[in-house]
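According to Swiss-Prot, the protein has these features:
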- 248: active site, proton acceptor (ACT_SITE)
- 270: active site, proton donor (ACT_SITE)
- 22, 23, 43, 44: NAD(+) binding site (BINDING)
- 225, 301, 302, 303, 306, 331, 332, 383, 412: S-adenosyl-L-methionine binding site (BINDING)
- 128: phosphoserine (MOD_RES)
- 216-486: region 'Uroporphyrinogen-III C-methyltransferase' (REGION)
C-alpha cells in the first residue's frame, strides 16, 4: 500500500493553492465543499475563481509565491504550468513538513486526491495511487450507477437517532444488529429514496419500540479451497455480518481479509498430528459466543460437511438450542483438481469419484480397500500425505496397478499451488516432497493433467526413479524446479 487512505477534517483550516487557472479551480471547488479556508497565490485568476474571490469564499493572498506562505498552511497545492515554480512550492512544503500536492505530478506529491463518490455524509474514495487514473474513472462510473443515492439520507437519520438507539441498546452487538435490520428494511429504503424523511423517522421510532431481544446464532461457512474468488456470494455476505469468526488453519489469508474489519477473529486451527485447539474447546466457544447474543461464523476451509467435522459441531448447537445455518463451500476435491487441470470424471477414464480422508479416528472403521482399488474411478484423499506409504501399499495389495497415475496438489488454487504427478508405486516419495496442505488424486484422469493444466506455469518434468507406462512424473510450481537422477 503506497498511500494510506484517510479522510481529513479541513473545516476552517487554511489551505494554500498556488495557481489560478482551471486546474486550480477544480481543486478549490473540492476544498470549499470541505469548508476549508482557501488562500490563493496567483498572478492572475480564472474568471470562475475571480467570482469566488469577489464573493468572499476564497482569499487572493498574493500574486507571487513566498516560502512564508507555507508556514501557516495546513495543506499545500501547486497547480501551475510553471515547472520551476511547482518544484519551488514542493521543496518549500517538504522542508517545512507540510503535505503538498503538485497536480498531475505524482513524484512531487506527499498526498494525492482520490476519485470520490459523494453521498454525504457517506463518501467513498477510490485510488490507484496514480498508477491507472483511467481505470479508476471507469470504476467510479460503475459504482456511481450501483450505489443508491439515498445513502446520505439514511446516514443523516442514523446520526439523529444514534443517542436514542444507544440508550435503548447499551451493548454494541445489540446496536449493530438494530442498525443492520433498519438499513436493510425495504420500507426504510423506499421512504428515504422518496425523500419522505418524516415517515422514515417514524419507522425508526416504531422499530425501537417493537424491537425484540437479540438472539445469537451460528453459521457454518465453507471458505472454499483458498482462492478468495471461489468464496460463494452468500458466504461473503455471512462473514461480513459476523460479530465473531472462528476460523481454521486451512482458511486462506485472502479470505480472512474479507471478514468485517471490526469482527473478532479467533483461530481454532488444527492439523493432523499437530492439534493446537481441541475440537471440544471449539464447540464450547461456539456455544459461548452465541449465548452472548452474537452472530458467530465458523469458517472452515473447503466445505464444512466434507471432512470438516461440521456435523459434530451442529449436534452440539442443536443440543444447546442455538439457531444455526450452513453455507456450503467449494470443497478442495473440486477446486484444487479444477485448478490443476484434473477432471474428476471422464467418459474414457472414470465414471465414479470417491472422497476419503487419511486422518481416521484411532478406533474408527478401516477403509474398504477392495472398493477403493477398483478401476474406472478417481480416488481423492484428504489429509493423506502422512499415510501415503500405507495408502500406496494397501491399494497395490488389493489389486490397484502400480503404474496407476497419481497427483499431489499442494496449496490448491493459491498462487503458490504446486502439482506433482507420478505413479502409485512412487506415491510415498512424492508425498515426502509435497508441501502441506495437500490433496492426493489417484486414477487414470491424472493422465490429462499435462494437457489440461491452465493455472500457474507449465508443468516441469523430472526424471523418475523408475519407468512409467504413461509419462514421466512432473512437478508444477511457479517457483520450484527440481530434478532427480535415475
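Placement of Cβ uses the backbone N, Cα and C atoms for every residue, glycine included.
From a predicted model like this one, the values you see are computed outputs, not experimental measurements.
For the binding-site residues 306, 332, counting C-beta atoms within 10 A of each C-beta gives the highest total at 332. Neighbour counts of Cβ atoms within 10 Å were compared across the recorded positions 22, 44, 270; the minimum falls on 44. For the pair residue 248 (active site, proton acceptor) and residue 44 (NAD(+) binding site), the C-alpha distance works out to 64 angstrom. Taking a C-beta cut-off of under 8 Å and a sequence gap of six or more, residue 225 (S-adenosyl-L-methionine binding site) has these contacts in its own chain: 301, 302, 330, 331, 332, 334, 335, 336, 339, 412, 413. Looking only at the recorded positions 23, 43, 248, 302, 412, the densest Cβ neighbourhood within 10 Å occurs at 302. The Cβ neighbour count for residue 128 (phosphoserine), using a 10 Å radius and every protein chain shown, is 16. For residue 22 (NAD(+) binding site), the spatially nearest entry among the recorded positions 128, 270, 306 is 128, judged by CA separation. Note: the Cα of residue 128 (phosphoserine) and the Cα of residue 270 (active site, proton donor) are spaced 38 Å from each other. Taken residue by residue with DSSP, residue 412 (S-adenosyl-L-methionine binding site) is part of neither helix nor strand, so it is coil. Ranking the recorded positions 23, 43, 44, 270 by Cα distance from residue 306 (S-adenosyl-L-methionine binding site) puts 270 first. The DSSP secondary structure for residue 302 (S-adenosyl-L-methionine binding site) is strand. Neighbours of the S-adenosyl-L-methionine site: apart from 225, 301, 302, 303, 306, 331, 332, 383, 412, residues of the same chain with C-beta atoms within 8 angstroms of the site's C-beta centroid are 224, 250, 307, 308, 329, 330, 333, 335, 336, 382, 439.
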